[in-house]
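Visitor: Starting off with a structure, shown below.
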Amino acid sequence: MAGPGPGAALESPRQLLGRVRFLAEAARSLRAGLPLPAALAFVPREVLYKLYKDPAGPSRVLLPVWEAEGLGLRVGAVGAAPGTGSGPLRAARDSIELRRGACVRTTGEELCNGHGLWVKLTKEQLAEHLSDCSLDEGWLLVCRPAEGGARLVPIDTPDHLQRQQQLFGVDYRPVLRWEQVVDLTYSHRLGSRPQPAEAYTEAIQRLLYVPPTWTYECDEDLIHFLYDHLGKEDENLGSVKQYVESIDVSSYTEEFNVSCLTDSNADTYWESDGSQCQHWVRLTMKKGTIVKKLLLTVDTTDDNFMPKRVVVYGGEGDNLKKLSDVNIDETLIGDVCVLEDMTVHLPIIEIRIVECRDDGIDVRLRGVKIKSSRQRELGLNADLFQPASLVRYPRLEGTDPEVLYRRAVLLQRFIKILDSVLHHLVPAWDHTLGTFSEIKQVKQFLLLSRQRPSLVAQCLRDSESSKPSFMPRLYINRRLAMEHRACPSRDPACKNAVFTQVYEGLKPSDKYEKPLDYRWPMRYDQWWECKFIAEGIIDQGGGFRDSLADMSEELCPSSADTPVPLPFFVRTANQGNGTGEARDMYVPNPSCRDFAKYEWIGQLMGAALRGKEFLVLALPGFVWKQLSGEEVSWSKDFPAVDSVLVKLLEVMEGVDKETFEFKFGKELTFTTVLSDQQVVELIPGGTGIVVEYEDRSRFIQLVRKARLEESKEQVAAMQAGLLKVVPQAVLDLLTWQELEKKVCGDPEVTVDALRKLTRFEDFEPSDTRVQYFWEALNNFTNEDRSRFLRFVTGRSRLPARIYIYPDKLGYETTDALPESSTCSSTLFLPHYASAKVCEEKLRYAAYNCVAIDTDMSPWEE
């Protein structure tokens, strides 16, 4: 009876088209702040639950019935169940006694909190079991999180089976699930149709309720709230994320890390980097997952990296028991089953590789696959919506947690329908059709899609090219580039900028040489080799990354006090005025017509998206939205560019005539100033036409249009370059925030994130250098940590792996500066007298030692 889940095959084109119709209508409702289609909120009035048949259990079970205040979600009702607080349960009001195999009738209204999954009973349903019950409604706990399964299982009711209708020789059972009601409502069919079961109208109305002040922006905030708390799937989980919370490994190399276990690509592999016979993969399983088969992908061509003997352990915490011991055929290329037919949920499964072929020291695994029978999922937890959790979401604060919970349930249903058809819409759907454009209007909702990550990965794989047969070698003079950066007016053509030197160096030398297409596999992580003139360096990646960082700094300087050495971007008015939000941002220069270089910038952005490198461009959401194809608006997006102008026009719109004439007199004409300080006419001859009070609405409209479109051509050129490297389907599937993060990296460099990415080699755990190092980084600002990251790795944003070794002086206290090798992302850490000295030396090195000292070698050309 269940409708198709995400990614499942739909029964017919009719069902597919019906769901597309539904999505289009729902998207329009969301944008307009209207109630969603009623079919999405369907709740049956009656569901029959049967007591789970456990032969080892008692023949009779008492099921406690709890009373809930109001609708069952009240903040501050500590101990109340169900509710938004999941503290100790207070005493139940009554109990229902059932024999094993007996049934209880409930409504279809459900609620999930920290105690588990609850279902609601009406007064009539309670009376079937309790003759003197005084409750108007009650709640039964169907499933606890720790049980790994439901004590009560929903089934078809006998009444439903008796009411089956014989229509055209087909038995039509009344439809119970909301997915089926959506299909019935929006799929056209000839002849008689199944009918939905009797609806629980009160529950449906509660789900559909939209507060009077609710807007589409509130829904977007709710989606981001859910994503922050639920939706950030571990990027390393890939193909097993529906079963696994997280994957940990004993060790890994930077290039062949844990993500390779689940990328569904047999050409990649996880490779350990540790001691012999101490390799393991630990899976933290999602609640309710029971493993039917656990498979490892191996390849005999890995020689002595191939696992020979694997032992699997499982259980809770540190209490793991041996489950299987498997010897692997040394000639195998493919999957080997190392665990099967489990009957209970195991929170932790640990795969230990105890022996490799030919006594190999390290191991390679090309994949982990799981086949599972998922027990009933508990659903969205109502406890999430406590006021303390909503501080970062002002639009949601003050809204009843009960309303937020039910709205979130409805949005999750919408996402489930979207997931079921997403692979039909992208990339094959005609983008000119209205339906697709309507769905794109709610792109932020894709954050919660389970199908999207695999679709993005597949689109990128399908469009990638082979890596170049040779690596371009570029000769870069950074001394001239530094002189240009200090005084750009001496070099108006910007020939000495690193950006220009790289651009010219990558041009094909003759008509037969193909230009770089930047669509390489992710593992091709050095796009060109740099020879820095008058600097000794063997570039194994560090010099290349430094050139990207230099170009980023030239395009969008991080300091507001330095001139902008290239003409492609200009500082926003907010940065110049020191007002409003996003005061460190840049926008494309409306006066710059060098569209070929804008296109190349777009190609570099696409290459960064495909690979592991970053091109850090400080652009506001106003620009990223245009690049990703999202709609921009004056009120939402332009305050990040020129907040003073936005406020001025807002005041002008509502001002009276006397105030307007006093403030503007005859000085305001039909002109406006663009971001590059260029004055443009809004109408022909606008310089000489005064704006009268009656003309102000037209003037405001013209200013908004001119400013919103001021860099339209430049953005279009960047997008054209981006689309040469990244398929349109990928941009359709990514939100603008995700596009920015994939191109630029994570601007927030936290100590917690650095701890996960930092590895100490040849240090004792008690070494004071380790303690001083973390104390120093804790005292750093985010800018300090970003500078430090670049000093060590050549990257200024995360993620970036760091390896730390003792310096050559060992334990001798010194005041020497730390050294780094960006090619290997290595820091050589001296022994300092105190954490304060360590902090000072690290900070000085981060800001003043950007040259690659330890990569030096004699070089003469």
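Glycine is treated like the rest: Cβ placed from N, Cα and C.
A quick note: this is a predicted structure, and the numbers were derived from the prediction, not measured.
Features from Swiss-Prot:
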type	residues	note
ACT_SITE	Cys823	active site, glycyl thioester intermediate
DOMAIN	219-397	domain 'DOC'
DOMAIN	512-857	domain 'HECT'
MOD_RES	Ala2	N-acetylalanine
MOD_RES	Ser12	phosphoserine
Visitor: Summarise the model's confidence over the domain 'DOC' (219-397) as a mean pLDDT value.
Guide: 83
Visitor: What's the number of neighbouring CB atoms sitting within 10 A of the CB on Cys823 (active site, glycyl thioester intermediate)?
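Guide: Around Cys823 (active site, glycyl thioester intermediate), other Cβ atoms within 10 Å: 22.
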Visitor: Compute the C-alpha separation of Cys823 (active site, glycyl thioester intermediate) from the residue listed as 'phosphoserine', stating it in Å without decimals.
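Guide: If we compare the Cα positions of Cys823 (active site, glycyl thioester intermediate) and the residue listed as 'phosphoserine', the gap is 54 Å.
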Visitor: With every protein chain in view, what's the tally of Cβ atoms within 10 Å of the Cβ of Ser12 (phosphoserine), excluding that atom itself?
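Guide: Taking all protein chains shown, Ser12 (phosphoserine) has 12 Cβ neighbours within 10 Å.
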